[in-house]
Amino acid sequence: MGIEVLIINSVLLIGFAVAASAGNFNQDFEITWGNDRAKVLNNGQLLTLSLDKASGSGFRSRNEYLFGKIDMQLKLVPGNSAGTVTAYYLSSLGDTHDEIDFEFLGNLSGEPYTLHTNVFTQGKGNREQQFHLWFDPTKDFHTYSLLWNPQSIIFSVDGTPIREFKNWESKGVPFPKNQAMRIYSSLWDAEDWATRGGLVKTDWTQAPFTASYKGFNAQACVWSSSSGSSCSSKQGQSWFTQSLDSTGQARIQWVQKNYMIYNYCTDTKRFPQGLPPECTLA
């Protein structure tokens, strides 16, 4: 079944420290671990992470952001990737950190990847939704986007929204809005839980496992500890006030009906005292 792509409109951010143009991995990111398992290639236009039995690898953005629309194109580990996790997320630091997650859980060859999403606020997560994808994410690059503004967080794949976490602070639900976050990504071994709850282990004869990145783009508010945010809501940029229209809501419903495999908001066994409040808010 085909899927229509929702185009999320965006404009060049006038006066923002990060413009709406393709990024350069040499300039925008730094390798944080894994030594030469992480490589920046093609004059900064391509980055690869690798995992072998000794170590995985990872990188992070040089900038911190407080709200933004972040796009990254990923091509995931092909073949038998069971036990591996490719994580791509925004996160602040500390015990009360905020975090917005894409995690791709590996599989046996021929079986679908699991796309795991989560939102942490003030150090607490437990807001998982999981999906299968409507394409093979190992054959080509696909764009995974996070739109984070004061109204909501929208997860999108190739421009199609798959999940929205709204700001329900007025109803007592914490929302990440005060802590600047960096972009992180890593490729690592999680064979104890990643594939079928840890039943399928990593086949190290397939190593090294490699994931590839390109097409980074940030329309975002860069945060500085000395000067604060590089932008404000008064500048009227489209992404800063954007929410899903009726078409976007219909796309989310379609994706969740056909491709969602887990939703914390329907897991009554996990929450015997009642579902989290955001689950019942319209």
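Cβ atoms here come from the backbone N, Cα and C positions, even for glycine.
Counting only residues at least six positions away in the same chain, the Cβ atoms of TYR89, LEU90, SER91, SER92, ASN118, VAL119, PHE120, GLY125, PRO176, MET181 sit under 8 Å from the Cβ of GLU99 (active site, nucleophile). Residues or ranges marked as active site, nucleophile in TrEMBL: GLU99.
For GLU103 (active site, proton donor), the number of other Cβ atoms no farther than 10 Å from its own Cβ, over all displayed protein chains, is 19. The annotation active site, proton donor is assigned in TrEMBL to GLU103.
Look at TrEMBL and you will find 19-213 tagged as domain 'GH16'. Taken together, the residues in the domain 'GH16' (19-213) have a mean pLDDT of 94 on the 0 to 100 scale.
Residues near ASN107 (N-linked glycosylation site) in space but far in sequence (CB under 8 A, at least 6 apart, same chain), listed by position: ASN80, SER81, ALA82, TYR113, THR114, THR195. TrEMBL lists ASN107 with the feature N-linked glycosylation site.
Summarising the annotation, TrEMBL assigns signal peptide to 1-22.
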